[in-house]
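Look at TrEMBL and you will find E99 tagged as active site, proton donor. Taken from TrEMBL, the feature disulfide bond applies to C55-C104, C115-C124, C202-C234. Look at TrEMBL and you will find 55-77, 168-178 tagged as domain 'Glycoside hydrolase family 19 catalytic'.
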Amino acid sequence: MAIYPRNNYLLILIAVAFVAAGALLPTSVTAQAAVGDIVTQAFFDGIINQAAADCTGKNFYTRQSFLDAVNSYSDFGRTGSADDSKRKIAAFFAHVTHETGHFCYVEEINRDTYCDTMRTDYPCNPNKQYYGRGPLQLTWNYNYGAAGNSIGFDGLNSPETVASDPVLAFKTALWYWITNVRPVISQGFGATVRAINGAVECDGKRPNLVQARVNYYTDYCSQFGVDPGTSLSC
């Protein structure tokens with residue numbers, strides 16, 4: 001056994017301890033890039049710049065409002081390997097691009113009340129409509145109610161707030177994603193389509209719309225330098 005001066009020996013022991021501790025950390029913690037390093041201004045602009053100049057969303061959605069919302073969901077894009085995180089972020093923005101028309105729309109074009117009276121836990125305000133708003137077009141009284149309870153706004157009595165506050169709008173999208181979509185994302189991108197609009201698009205109902213989402217996803221995966229994986233359709 002080599003003999004080292006006492007001070008050097010202590011330094012070596014400390015160094016070995018740090019290396020050992022690092023080896024015990026999950027790769028999902030040590031390998032992550034910050035979401036802002038993946039969702040760069042250039043990436044965001046590459047989406048929103050495809051919207052027409054007169055689109056309402058051009059003056060509403062910003063990369064900064066997205067990042068501000070992410071601060072409330074610190075595990076978004078931070079689970080799994082670095083490549084997994086990039087695929088998840090690509091999937092999120094693929095659906096956002098599709099739902100908003102490249103960040104053109106803040107509110108749904110064909111508006112309806114979207115009140116499910118069977119959901120008595122989230123009673124509708126008869127003077128309000130719960131049509132799609134925000135990056136993932138939050139819809140239905142029960143989603144507005146649950147999102148409001150989680151985030152901290154009156155979703156049932158003031159659903160229009162989602163269309164007036166861009167950070168809140170992104171928070172509702174992240175809430176919906178983490179609550180309803182992330183649990184199935186390991187099954188492939190196709191499962192995320194089903195979780196968002198499967199009743200309308202999947203199982204051969206609207207294959208063109210499904211393919212549009214897939215095209216956005218594979219494009220963004222390519223931009224992030226990751227393989228899109230399998231099971232892309234539904």
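A Cβ is built for glycine as well, from the same backbone N, Cα and C atoms used for every other residue.
The distance from the Cα of C234 (disulfide bond) to the Cα of C104 (disulfide bond) comes to 26 Å. The disulfide-bonded residues in question are C104, C124, C234, and the one with the fewest Cβ neighbours inside 10 Å is C104. Here C202 (disulfide bond) is compared against the recorded positions C55, E99, C104, C115, C124, and the shortest C-alpha distance is to E99. The recorded positions recorded for this entry are C55, E99, C104, and the Cα of E99 lies nearest to that of C115 (disulfide bond).
Taking Cβ pairs closer than 8 Å, the domain 'Glycoside hydrolase family 19 catalytic' (168-178) reaches residues 60-61, 65-66, 68-70, 72-73, 75-76, 92, 96, 106, 133-136, 138, 143, 147, 150-151, 153, 161-162 in its own chain, all 6 or more past its ends. Sorting each residue of the domain 'Glycoside hydrolase family 19 catalytic' (168-178) by its DSSP state yields 11 helix, 0 strand, 0 coil. Residues near C55 (disulfide bond) in space but far in sequence (CB under 8 A, at least 6 apart, same chain), listed by position: G101, F103, C104, Y105. Neighbours of C202 (disulfide bond), defined as other CB atoms within 10 A of its CB across all chains, total 20.
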